[in-house]
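Taken from TrEMBL, the feature ATP binding site covers Gly99, Lys100, Gly101, Gly102, Val103, Gly104, Lys105, Ser106.
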Amino acid sequence: MRFNWGKKDRSEQHPPSQLLMSLARFFELSPNQVAAWFDASTNTLTLPFACQSQQETLSETLKQAEVGPLPTIQQQVMLSGAPQRRLRNIKNLVAVASGKGGVGKSASTVNLALALQAEGASVGILDADIYGPSIPTMLGNEGQSPQTQDDKTMQPMESLGLKANSIGYLVPPDDATVWRGPMASRALQQLLDETDWGELDYLLIDMPPGTGDIQLTLAQQIPVSGAVVVTTPQNLALADATKAIDMFRKVDVDVLGVLENMSYHQCKNCGYQEYLFDQGGGQQISQHFQVPLLGQIPLDTDIRTCADSGQSLLAKPSELTAAYQSAARQLARRLYLSSLSQPQAIDISVQSD
Ligand SMILES: Nc1ncnc2c1ncn2[C@@H]1O[C@H](COP(=O)(O)OP(=O)(O)OP(=O)(O)O)[C@@H](O)[C@H]1O
């Protein structure tokens, strides 16, 4: 089974309209947007973005809709970006950014990466937060260094099922903090290009906080397919998140969504929800810029303890796990939609070899 990224011979496929309608309704897309997922000759449905946890429900929905013989459902994440872009073995590069520091951008990057993985994708993290690399701590492999097999490329570090590279694995923390803009950008470029990432469905890039020159240069240099902006709900943070969205728009990077972090704290004893950093900011910004609100993540001890001790928050089911997985699925779907509107994505079709 392989994807064909060119124009499709429609005579090869005539998916039953009932199937297409149900599929489109399920993913809140149009029948045209899902038509190419179905291969009538093998009765196979290939989902082009990470959403594995939905397959059972989808199957049940199709059954109830009496679409005929149930198709085999599989997942193959689609490649996005310009047709000639470098790093084509990485299907999607996504920047995770914040207008200001300390909003939980790195913790969100790791948990979104783990959530995409839980949705059946192969995922890596590039820690571009050169002045405060926290990914090694969050993946529990601080103090280790990547190996090389050919003296040219680095093998990425592997932890919790994720591939990763970070300046934090390569130089002592104090060395990187004195780097100036161009040197930092060069180091990151090297980190991206000279890591042997292998095949990845998604590479999440933990950007340095802020919206200065280095962030702007990075957003332009790295062939990102889109960006996620992490914010806390209060006004002060929103002003910075606004700057981050403006920055990405200026360099034509699609903002795939806003993730509101530390939205509230829920008392473990009585269930009372307290909105420590105000309420509704994420919603406000998502409405203002017409970008999806991917989720509202509470302030929760489990998030901090997992992030600070290199354990996976997603290892066991919980409300938090569900919130991150829902955010990850929305992100993956948005990325797919965004790549459909790019020039190379004329059509996709599925053909059996
Ligand atoms: N929702 C949350 N609940 C509890 N703790 C959190 C949450 N989000 C992040 N944290 C914790 O807050 C601290 C700061 O988070 P993190 O390092 O992800 O922020 P950041 O925005 O990446 O910071 P910087 O801009 O300095 O890189 C970490 O100890 C992290 O574990």
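Yeah, the Cβs are placed from backbone N, Cα and C, and that goes for glycine too.
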Exercise for the section: Using all protein chains shown, find which of the binding-site residues Gly99, Gly101, Gly102, Gly104 scores highest when you count other CB atoms within 10 A of its CB. Expected result: Gly99
Exercise for the section: Report, as a single number, how many Cβ atoms besides its own are within 10 Å of the Cβ of Lys105 (ATP binding site). Expected result: 25
Completion exercise
Sparsest Cβ environment (other Cβ within 10 Å) among binding-site residues Lys100, Val103, Ser106 belongs to Lys100
Practice task
For ligand 1, pick out the binding-site residues Lys100, Gly101, Gly102, Val103, Gly104, Lys105 that have a CB under 6 angstroms away from one of its atoms.
Solution key: Gly101, Gly102, Val103, Gly104, Lys105
Exercise for the section: Determine which residues of the same chain, besides Gly99, Lys100, Gly101, Gly102, Val103, Gly104, Lys105, Ser106, have their CB within 8 A of the center of the CB atoms at the recorded ATP site, and list them by sequence. Expected result: Ser98, Pro209, Val230, Thr232
